[in-house]
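Enquirer: Feature table excerpt (TrEMBL):
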- 214-247: repeat 'TPR' (REPEAT)
- 248-281: repeat 'TPR' (REPEAT)
- 282-315: repeat 'TPR' (REPEAT)
- 316-349: repeat 'TPR' (REPEAT)
- 350-383: repeat 'TPR' (REPEAT)
- 451-553: region 'Disordered' (REGION)
- 451-471: compositional bias 'Basic and acidic residues' (COMPBIAS)
- 526-537: compositional bias 'Basic and acidic residues' (COMPBIAS)
- 538-553: compositional bias 'Acidic residues' (COMPBIAS)
Amino acid sequence: IKIMQNIGVVFVKMGQYSDAITSFEHIMSESPNLKTSFNLILCYFAIGDREKMKKAFQKLIVVPLGIDEDDKYIPPNDDPHMNLVIEAIKNDPLRQMERERKAMAERFIMTAAKLVAPAIEASFAAGYDWCVEMVKASQYVELANDLEINKAITYLRQRDFNQAVETLKMFEKKDSRVKSAAATNLSFLYFLENDFGLADRYADLAMSADRYNPAALTNKGNCVFARGDYEKAAEFYKEALRNDSSFTEALYNLGLTYKKLNRLEEALDCFLKLHAIMRNSAQVMYQIANLYEMLEDLTQAIEWLMQLISVAPTDPQALAKLGDLYDNEGDKSQAFQYYYESFRYFPSNIEGIEWLGAYYIDTQFCEKAIQYFERAALIQPTQVKWQLMVASCYRRSGNYQKALETYKDIHRKFPENVECLRFLVRLCTDMGLKEVQEYATRLKKVEKMKELREQRVKSGRDGSARGRREGSAGSENGQSSYVTSAKGERMSAKLKSLPGVNDPYETSNNKDIDASYVDPLGPQIERPRTAARKRVDEDEFADEELGDDLLPE
């Protein structure tokens, strides 16, 4: 039989599925076993024979395992001698082999069902339903629930969220293990849809069904995190880690929570532990680099960003961040290299464009700066400053005619822009053009309108301030503190301002402006990982975003 099995496997390797089927069918008629039965299903799948796939699946679930029933290992209370015997054999090598054989049978059945379900009926849902009915009538009746959860996860992969939710909701009245797995997945789904109320409800349901489920505890922590109660969220993540010390979602989210609480050393410790588990995770490396920057250890921050780039060499935000750190260190040439690399991969990044344009102006190459500001003007056509910078570069490089044409074009688009009119008056005066009087008159008119607007705003502000003072006169003494938080974690970086927008004709004042840098590898909102537990594969359900949003597997 073993020789025949190996012959069948060789035929499969050679692509001769019909010959392999002949060998496997002979074995199943003489001495059926799990591996041969599974291989036969694979061969029928390869040739696309629906009916034979069904028959082979039915044969797989009735293959005798040759193991004792679990009842044999339940000790009778009234027989001390038998109790001792059962205590001795309940975990001996034979019992371990029986467990392994049963686990292998369940794995083959689950894998075969996932493979044939989409192929045996018109839709994968109908195929799963058929497999579930077959399994319910067999000795593996407990696998039917796992197949239903697999069906829900297949709906998720096909982006059919409503059907996935409906399928999972059927498990609310099932036994605790299945209920916990389904509720965890539902909590995960509602969390991704920002319905934190329902996510919290299903996380509680999953925890009540199985308090030791680390995925359920992590999802509960995420819901608390979303409400801003970071101390309580940290407790749930720590409880999840006590149940499963290698549960990476909980460890990552604990690091984010400590970061929110400004406990930076503890956050760094979490991410360094996580790096030991996930050596090539770009998100983890970014978090470590970011924490070192917050701790003002720029050398270590740069070193970790270099490691990140070795893993994700084309990430434009990571490259731009590295350029920003080198700029803060005063190394302009290295900063230029990384900002330029970032621009190559992401030519629409305004912060990178702004820095490169300012760099070329700073190094007296105004002609090269023009292309960057023209690109910025295309990306943000309603922002007048980019077009003013283009005109300023023409003026600084001595191309006054082109500068004049550019200012005129800006004036047509933004007739109330004071800076543009001032430069038009200056240029027309220096070039001796007749339009100077016309532009001077417009400038006075626009300045007058601007002054009137400011006066109206100021008087309105004064009136509202008086009203507030009067309204608070009778209130009790007390202080309220208001904490504002940005909708995503941003880091402030100081860049030189782009000269020539508000400056006099020949000056190049340098002023500091705040530029916002968004965390690389992820969206702006720093949210915790979610976790959804699949009973079948014993791993986590996956989302595809990276970054501070590290989501579940």
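Here the Cβ of each residue, glycine as well, is placed from N, Cα and C on the backbone.
Any TrEMBL annotation is an automated prediction that lacks curation.
Help me picture these features in the structure, burial and contacts included.
Expert: This prediction places the mean pLDDT of the repeat 'TPR' (214-247) at 92.
Note on the repeat 'TPR' (248-281): DSSP counts are 27 helix, 0 strand, 7 coil.
Secondary structure of the repeat 'TPR' (350-383), assigned with DSSP and counted as helix (H, G, I), strand (E, B) and coil, comes to 27 helix, 0 strand, 7 coil.
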